[in-house]
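Engineer: Pasting in a structure now, in structure tokens, and then I'll have a few things to ask.
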Amino acid sequence: MEHTLCFHCGLDATSANITFDNKPFCCNGCKTVYEIFSVNDLTCYYDLQEAPGATPKEVAGKYNFLENTKIVEQLLEFNSDDTQIVNLYIPHIHCSSCIWILENLNKLHTAVSGSIVNFGKKTVRITYNTQKTTLKELVILLSSIGYEPYISLEDYSVGKKKTDRSLIYKLGVAGFAFGNVMFLSFPEYFEVGEFWLEKYKHLFRWLMFAYSLPVVFFSAQDYFISAYKGLRSKILNIDVPIALGTAVLFIRSSIEIMLDTGSGFFDSLTGLIFFLLVGKFFQQKTYSFLSFERDYKSYFPIGITKLSAEGNEESIQVYDIKKGDRLLIRNEELIPVDCILIKGKARIDYSFVTGESKAVSKQSGDKLFAGGKQMDGNIEVDVLKSVEQSYLTQLWSNDVFQKDKESSFTTLTNRISKNFTITILLIALIATGYWLLNDSSKAINVFTAVLIIACPCAIALSAPFTFGNILRILGRNKFYLKNASVIEQLAKINTIIFDKTGTITSNKGASISYDGEVLSSSEEALLRSTLRGSNHPLSRSLYELLNDNDILTLDRYQEYIGKGIEAQFNNEHIRIGSAPFVGYELETGTLNTTVHVSTNNRYKGKFTFYNAYRKGLSQLFNILKKDYDLVILSGDNEGERENLTKLLPPKTKLLFNQKPEDKLEYIEYHQSEGANVLMIGDGLNDAGALAQSNVGIAISENVNVFSPACDAILDASKFNELASYLKISKSAIKIIKWSFVLSFIYNIIGLYFAVTGQLAPVVAAILMPLSSISIVVFTTICTNIIGRRLKHNKSDFGR
Amino acid sequence: MSVIYILLAISIIVAVGFFIAFILAVKSGQFDDSYTPSVRMLFEDEIIKEKSNKSILTKKD
């Protein structure tokens with residue numbers, strides 16, 4: 001059969017048979033979007049990128065909470081009489097077409113006066129006229145063209161948040177001063193003793209002094225603050241020698257120009273701060289579209305529909321939900337609180353919470369937990385607990401979420417800096433002592449020169465540039481780290497703990513085995529045709545598995561929620577579902593999910609669903625077992641134990657029936673025994689364990705979808721590369737150690753000049769940038785070699 | 001040779017001028033998003049298409 005792809009979204013459009021304007025579409029939703037665009041002359045959308053769109057989802061009623069002005073006000077960035085500005089997060093933004101269409105929103109709706117996309121953050125900032133439209137209409141318009149914004153509890157009152165640009169300002173000031181000071185100090189480098197130079201050198205020097213003031217007191221203030229904090233808590237961090245060097249440079253230079261004994265070191269001073277800030281800037285750039293700090297707030301909706309006693313619908317804020325309220329949960333909506341099901345068919349997808357993708361059916365009177373997503377029509381529920389007291393949200397009151405992992409960890413740079421600072425101070429004192437005895441006039445010069453030249457610019461730069469580069473290389477390989485210190489932590493890991501469901505198993509396609517009587521081809525056709533009508537996830541995966549058969553038009557079809565399906569075609573009669581439903585009494589008590597089949601009241605057999613493990617799993621475990629202790633902590637029952645022991649190396653520990661708190665405590669216990677734990681999980685039930693572990697990696701099928709708070713996000717397709725990523729983190733540490741060696745060599749050369757009392761400004765001005773730049777070049781080349789090796793490995797893997 | 005004072009004054013004014021421009025640019029958010037503008041500048045040419053139909057259609061009726 002010929003394959004055609006949807007003109008709008010690029011999905012298979014063969015079976016849908018919808019054409020419009022001679023273009024194929026996979027569904028009416030996509031066709032409608034195309035119609036909207038073509039009527040408004042916006043078909044350029046399709047020229048920029050092939051099939052860029054997304055199928056619009058049904059949103060009726062979903063955004064009713066945007067009628068509540070109190071909620072809307074919290075979302076707006078700017079609000080006046082007739083103009084409002086809102087910043088919306090749209091996960092679908094992924095290509096240039098997206099930018100183009102969203103920035104041309106004013107052609108779709110006259111009320112929109114401007115819209116600006118931030119591609120990195122996947123947000124669009126829309127300015128619109130409130131006389132002509134409302135936020136709700138705007139959101140529905142965006143949804144109707146396939147760009148549904150994601151509005152969660154996290155956005156609440158976020159509209160007023162300020163972005164922190166202080167580093168850019170500091171960098172700008174330092175760069176500006178550095179350039180100008182270099183310019184002014186240039187004549188003195190040549191020391192020609194020329195008449196005009198002699199006459200104007202005071203003016204030049206005082207100008208340099210003026211330029212260096214903002215650098216010392218504004219750009220460099222973070223180093224002084226950090227050094228002060230470090231000293232107060234009795235830690236000699238890397239900022240101590242930097243602050244010391246900067247202070248000595250500034251004071252000695254000022255005294256020199258005041259007493260007219262020399263030109264000072266303003267060029268080195270400003271250059272030093274500029275290079276250090278460049279390193280900081282380089283390291284700071286991370287992935288703005290990913291959020292590593294997510295808690296339940298980013299999953300939860302802002303507003304929810306409350307039903308009053310008279311049956312009226314009212315949108316209220318999630319925080320306003322009280323015990324005993326009656327709520328209406330619509331299709332695809334998230335349940336924000338623990339509650340009891342009163343009315344309707346509930347099929348709850350707890351994948352946010354557990355990582356388990358199979359939906360569970362619930363009967364009226366059953367308890368529903370917060371975090372579940374309703375999949376099948378509307379339901380009514382009675383609230384048992386408020387948002388803060390619900391089972392899922394209580395997990396966040398645990399202390400681990402308050403702890404700042406970064407601050408409790410001493411970095412490699414800081415550990416070296418301790419010995420380094422002490423050594424430098426010793427050298428300075430010894431050299432000063434020597435000169436006091438021989439030529440006391442030079443003593444103070446030597447003392448300051450040692451502190452100036454030893455200012456660990458190169459050391460301070462090697463870590464940011466190495467880690468910054470590694471961060472980027474890993475990011476290109478779909479392993480996104482929260483910040484640079486995660487790399488150092490990764491290198492020290494000795495225990496790896498995996499969650500089972502959703503982490504080492506794949507959500508896509510479970511493996512299914514059939515045992516029982518062989519089905520005849522007519523029975524198989526009937527089975528497939530029956531499954532086709534059902535939306536139950538088990539039916540869907542079973543349907544995908546069966547061979548293509550003619551689709552029969554069934555005479556009778558009946559679905560029994562929570563039990564199974566019954567269907568009839570001519571004289572054939574089939575029942576699919578749970579064991580009692582098909583009339584099979586001898587349930588063997590298996591722990592795995594099963595679907596039983598009977599035809600014409602005769603039991604045929606059962607399909608058993610096994611977890612499908614990720615590709616390369618046992619290979620990965622076999623590589624990892626050499627260097628790490630491996631543990632699997634699963635919240636599930638022991639149904640898969642046998643399967644896992646076969647698949648994984650014998651040393652692997654397997655623990656089942658672990659509740660979220662159990663996982664957290666297990667990690668805590670092992671850390672107290674001295675283990676450095678890497679936790680890999682996916683669902684919100686792992687959130688506590690991810691926070692407690694030294695490094696928590698969230699695995700995600702789609703990085704734009706939500707993952708719990710963690711230190712790193714790993715794309716599921718790269719799961720089998722984990723071992724090589726861990727290896728890279730170790731190589732990064734090696735590179736840094738080598739660059740330390742390199743910068744020590746520079747320091748020894750510099751110290752020779754300083755100790756012998758012949759440190760001229762021009763020597764300092766050459767040595768400092770030279771050492772910094774060569775360190776940057778060294779680390780960049782080394783990390784790129786590592787990155788290339790990673791790509792090389794991958795091509796081997798493919799073969 | 002007091003011309004050097006004039007030259008220095010000019011050089012400082014020019015430098016400070018650029019510095020102020022930089023501060024204003026940061027303040028207006030130019031450095032917040034360094035990717036989107038690079039794509040946006042390539043659009044201009046494609047939008048010139050003549051607008052034939054003035055009706056605004058937001059939802060298919």
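Each residue, glycine too, has its Cβ placed from N, Cα and C.
This is the feature table in TrEMBL:
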type	residues	note
DOMAIN	A:6-64	domain 'Putative metal-binding'
TRANSMEM	A:167-186	transmembrane segment
TRANSMEM	A:206-224	transmembrane segment
TRANSMEM	A:236-255	transmembrane segment
TRANSMEM	A:261-282	transmembrane segment
DOMAIN	A:306-396	domain 'P-type ATPase A'
TRANSMEM	A:420-437	transmembrane segment
TRANSMEM	A:443-471	transmembrane segment
TRANSMEM	A:735-755	transmembrane segment
TRANSMEM	A:761-786	transmembrane segment
Engineer: Based on DSSP, tally up the residues of the domain 'P-type ATPase A' (A:306-396) by helix, strand and coil.
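Structural biologist: Per-class counts: 16 helix, 33 strand, 42 coil.
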Engineer: Would you mind splitting the domain 'Putative metal-binding' (A:6-64) into helix, strand and coil residue counts from DSSP?
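Structural biologist: Output for the domain 'Putative metal-binding' (A:6-64) reads 18 helix, 7 strand, 34 coil.
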Engineer: Take a look at A:167-186, A:236-255, A:261-282, A:443-471, A:735-755 and tell me which one has the most Cβ pairs under 8 Å to the transmembrane segment (A:206-224).
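Structural biologist: Most Cβ pairs under 8 Å with the transmembrane segment (A:206-224) come from A:167-186.
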Engineer: Hey, does the transmembrane segment (A:443-471) touch the transmembrane segment (A:167-186), meaning at least 3 C-beta pairs closer than 8 angstroms, sequence gap 6 or more?
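Structural biologist: Touching, no - the transmembrane segment (A:167-186) and the transmembrane segment (A:443-471) miss the threshold of 3 or more Cβ pairs under 8 Å.
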Engineer: Counting Cβ pairs under 8 Å that are 6 or more apart in sequence, does the total for the transmembrane segment (A:761-786) and the transmembrane segment (A:261-282) reach three or more?
Structural biologist: yes
Engineer: Of the stretches A:261-282, A:420-437, A:443-471, which racks up the most C-beta pairs under 8 Å with the transmembrane segment (A:236-255)?
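Structural biologist: Counting Cβ pairs under 8 Å, the winner is A:443-471.
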Engineer: Is the count of Cβ pairs under 8 Å between the transmembrane segment (A:420-437) and the transmembrane segment (A:443-471), pairs 6 or more apart in sequence, 3 or more?
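Structural biologist: Judged by the Cβ rule, the two regions touch, with the required three close pairs present.
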Engineer: Go through the chain and flag residues at least 6 beyond the ends of the transmembrane segment (A:443-471) whose CB is under 8 A from any CB in it; none is fine as an answer.
Structural biologist: 238, 241-242, 244-246, 248-249, 251-252, 265, 268, 272, 275-276, 279-280, 282-283, 285-286, 411-413, 416-417, 420, 424, 427-429, 431-432, 435-436, 481, 483-485, 487-488, 728-729, 732, 735-736, 739-740, 742-743, 746-747, 750-751, 753-755, 757, 759, 764, 767-768, 771-772, 774-776, 779-780, 782-784, 786-787
